[in-house]
Each structure stands twice: as C-alpha cells, then as structure tokens.
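Feature list (source: TrEMBL):
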type: DOMAIN; residues: B:78-270; note: domain 'ABC transmembrane type-1'
type: TRANSMEM; residues: B:12-35; note: transmembrane segment
type: TRANSMEM; residues: B:76-95; note: transmembrane segment
type: TRANSMEM; residues: B:115-136; note: transmembrane segment
type: TRANSMEM; residues: B:148-167; note: transmembrane segment
type: TRANSMEM; residues: B:188-209; note: transmembrane segment
type: TRANSMEM; residues: B:253-275; note: transmembrane segment
Amino acid sequence: MRLSAKARENIAGWLFVAPVIVILGLFMLLPILMAMWVSLTGWNGQGSPFKSGVPFVGFDNYARLFTEEGLTRQDFMTSVRNNIYYVGIVVPVQTVLALGLALVVNSRMLKGKGFFRAAFFFPSVTSSVAISVVFLFIFASSGAVNNLLAFFGIQGPQWFADARGILHLALGGLGLVDVDNPPAWLTGGGPFGLSWWEWLAGPSVAMSTIMLLVIWTTSGTFMLMFLAALQDIPVTLEEASMLDGAGRWKRLRYVTLPMLKPTLFLVLTMGIIATWQVFDQVYVMSQGAPGKTTLTPAYLSYTQAFDNFEYGTGTAISFVLFAIIVLFTIVQRWLLRERNA
Amino acid sequence: MATVRADHGARTVASTFVGYFILIFFALVFIYPFVIQLSASFKTEPNAALNPLNPVPDPFVTDAYHKVFLSTDMPLWLGNSLIVTIAITLGRVLLDSMAGYALARLRFRGRKALFSAVIAILAVPGVVLFIPKFLVLKQFGMYDTYTALILPIIADAGGVFIMKQFFESIPRSVEEAARIDGAGTWRTFWSVVLPMGRPALITLTIISFQSSWNELPHSLVAVQSPDLYTLPRGLAVLVSGSLGSGNQYPLKLGAAVLATIPVAIIFVVFQRYFVRGANEGADK
C-alpha cells in the first residue's frame, strides 16, 4: 500500500522532530513535573521520591520560606536581599556600559572597530569558572587591584572576607548612622524575619567583586546587540537630523535612542533573567561567604538539596525563583510599555 | 565662516581623541586581566604574589604547567571535557537542524503547537532545572555516568530556534527541484538543504562547543565521581580545595589558561560567527 504524499510528509515531520521532543520532554518537562511533586514532600534523597514512605507535607516547604520563623527563612530572605541589590546594580550598569561602548565603537571617525569590538566581546565567551579564578587572583588582598589602589594611596579592603554592606558604609561615611551602633528603630523589626537594618545593608564588599566580574563579562555581548541595532539605523535619518541642526546630544536623545528601544528592552529583559540566576561565580568564588552576603537563591537552592539533603526546600526555592523571574519580566515589560504610550 | 569651520574642526579632533581614550581605556580593562592571568601562570609563586600587576614573568618558569599535568587530574579533565563537548556539539548540530528543518518546512499536524512548546521551553530559566534534572537522572539510573553528562543537553531549544529561522530564510526552489527529481525527505534534507546551511551550521557548532565546554552546573547535578569531572568542574574543585594549602596562584591560573585556550582559538578564527550567534540570540 502506498501512502499519500500528505501522509508521508506528516510522518517525516514527526520523525524529524522526534529526537528533540524526546530529549526536551524527558529532561526538561518531566523533571519540572517531578520537582513540583518533590517540593510538596519531605524527601531526603534516599530511594525514589515516589515511594509510599516519603512524607507529603503540602505547602510546608513554601511556608518555611515565607511565614515560618527559622533559619531557612532567614537564609532565603538574606539570599533574596543579596540578589535584589545584585540585579538592581548589575542590570543598569551593564546596560549603560554596553550602550556607551557600542556608541563609541560605532562612531564613524574612529578606526580599529574590529579590534575593539573583539576586545570587549572576548570576556563573555570564556569559561565563567576560569574567569572567576582570575578575579580571585586580581582581587586577592595583596593582588593587582589593591596594588593599583596603593599606587593612588588608597588601602584596598580584603575583598572576599569583607561582609560589610556598601549602603551601611555609605550611610556611616555620611555620618547619618553609627554603623557599630545602628538605631533601634531600624534593628527592631522588619518584614520576613530580617530587620530593616539588614534589608538596607546593600551589597557587601565581597558581593561587589562578583558584580564587577559579571558586568565585565556580560557587557560585551550586549554591546554587540546594540552595535547590530545601531548599524540598522539608516544613515539618511542621521544626516537629516544633522541638517536640521540637531547637536550630538539631541541626536542621541531624539533619533538614536528611540530607534534602539526594542534592543534596549531585550537587553534589560535578558539582563534581569540572567542576574536572578547567578550561580557559577558564587560557587567558585565565595560559596555564599562571608557572613552569607553572597548567598543567592540559586546557590541556596543547590546547597539545600545537595549539601543538606533537603530536596523539598531546595526545589521550593527554585520554583519561587522561577516566579520571581516571571514577575520581574512582566513588571519591566509593563513599565516600559507605559512610557511608550 | 572660517572661524566656525576651524572651531568645528577642533571639536572633531577633540572628540576623536576622547573617543580613542575611552576605547583604549576599556580595551585595557577588558584584556589586561587575561594578560595578568597568562603572565602569572609563568611566574614563580613568590613573584606572582609580590608583583601581580607586572605583565612580564621574571624569572620565566613553567613549573605551574608541569604541576598541573603531573600532580592534578588535568589530563583526565581535559579528556572528559573533549568527549562530552564533541558528543554534545555533534548531537546538537544534527538534532537541532533536523527539528528546525521540520518546523520550518514540513507540513505536519501539530507543528504550530510544537513550535510554541519550543518557545515556552526557551523561557524556562536554567537554574530552576538543577534539582529536577538530578531527580530524573536518578530515577532513570543514569546518575554518575557519561550518559548523564551528555544526553540531557544533547538537544536544545535555542538551537532549534536558530535553525528554524535560518531554514525559513533560504529559497524553496532548490528543494522543490530535488523533490521533483524523486528525492525523499531525508535525501533532500541531507544532500541539498544541509550543505546550503553552512553558515548557520557553523554558528550553531561554535555556540554549542563554547557553551558545553564552559558548562559547570550540569556537571554538578549529573555526576559526583571524580573520574567523570569535566574541566570546569575539576578547576572549581582545584580552586576551592586548595584554599587551605597556600595560594598556589600560578598553578590555578595555569589550569584556568588551559580551560580558556580552546575557546580563545575558536574565537580568533571564527569571530564573525560568534558575533552572529550573539545576535541570533537577540532575535529570540
């Protein structure tokens, strides 16, 4: 029996996509469903999580992150605080840096475009582990950065051992609060088991080195995206605005930036999604230390599962992280949309 | 009029100067850490600690590399990384382009729904999958094997997306000529469509190689025995493990250099494909 051409194309189509469907189904979709179940249990990693002996705890694992007082909530909220500061600083800085570099590289008067583009992009293709090793060396207490600072007469900190929050340091430096003796109305209480004083710590000195590292590695990729968008802007448009007598800043503000809006939107979205997932650098450089100030939800979820064998809590954290990422993306989309109108 | 023009000329010179200053300053910031890394790996330990900024190793020694190869598991890590990276890269290039071709060209029931599923999977953040992947690998009895290192990431939604976009951009006429000559779907794909897809295939090869060569988290959840460590995993252990026993920076930096070299070579040779890869990511 001969099949019709249509039936044959149907079969061929399914055969062509079958391997990818099987792989993505077995190792992306199925795991998520299994993990949803595990996040509702107290499984300790022994045997199968689907056996009858595994205790079903409902939403306890989630409750321990938000409402139940204890070490788990303390750690989780600390990790969320650290990551909020991390996202809030890394995303804007890397976006502005990437845009700035793209504008300079794109300028028609300068030569050596290819070289500079390659130089800025290279860090982002290399291994995050290898780069982390390099930064451990550069920021060591008698390392390159502190040597450079000493040259200007500044004594650099012990970067990776310094748990002091930057915002605390700034407030103390301005004389607004006494860092060793913070005011009682700040230490007295606060949301989710952390005091207001702890929420307002800012990123620690140690976390700042990880932020610098990430800004340094990812700006290159985003610069390329801006560069591609800049090259799509028709030259005639710029020339027309020049003839109209628009100065450089006006041209940037009213011609270039509006044309870059879609790319800007994309860079911000990708930046937010990536920064909420910071893991490799924490794993290699600090393991959450000092004083849990480099703990992030991604790293905490990993250690809860693989070091403390609390798989339920670990998976619950990863689903909360998923929700946070979705929420942030939606909010950012909404904010930018408002301004478009 | 003349003064206006002279003024304009002076401003152009000034802004060219400022432009170059910015570019050179940032080029140093982005490249000098690699210079420091490379030179420190050829320094003696005291010298690396005393003169971290100096780009010239004096005396020039290769002790670090001897030690990396003789007293760590570097040869094993390199071997494992090569096996895993090559398997994943070949797998992704073949499977992603098959799926991308089917989604772009073949009319079959469920195609639209499948493509939406691919997009949905692209949106799932990787860290959410750490523990879930471990659970599945345990359940299937694959945990702590080469299969666990390779199979779960041998196809990826991003690659399917790139290939689908590419196949949609090439003209149909060539395939149709092959069809009329009586070639089946597989023949058409293998000997007509794929050869035309060279630029996209090279891009996909490069980003697959780079991402699987650098991959750390998947190794953490897929294997535990030191015999199966890939280079990033071994390097991470080397760094955290020797914290107590002195700094040994030349050794660690030398190992990091070895982890960087393959990608660096590919970057220099195929830079424009990397650029294309970064921008394909932008189209998602």
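Backbone N, Cα and C define each Cβ position, glycine as well.
TrEMBL annotations: computationally assigned, not manually curated.
Remote same-chain residues near the transmembrane segment (B:12-35) are listed as 55, 260 (criterion: CB distance under 8 Å, separation of at least six residues from the stretch ends).
Counted over residue pairs 6 or more apart, the CB atoms of the transmembrane segment (B:115-136) and the transmembrane segment (B:148-167) come under 8 Å in at least three pairs, which marks the two as touching. Listed stretches B:76-95, B:188-209, B:253-275 were compared with the transmembrane segment (B:148-167); the greatest number of C-beta pairs under 8 angstroms is found for B:76-95. Sequence-distant neighbours of the transmembrane segment (B:188-209) (same chain, 6+ residues past either end, Cβ-Cβ under 8 Å): 85, 88-89, 92-93, 96-98, 101, 105, 156, 159, 162-163, 166-167, 170, 174-175, 178-179, 263, 266, 270, 273-274, 276-277, 280.
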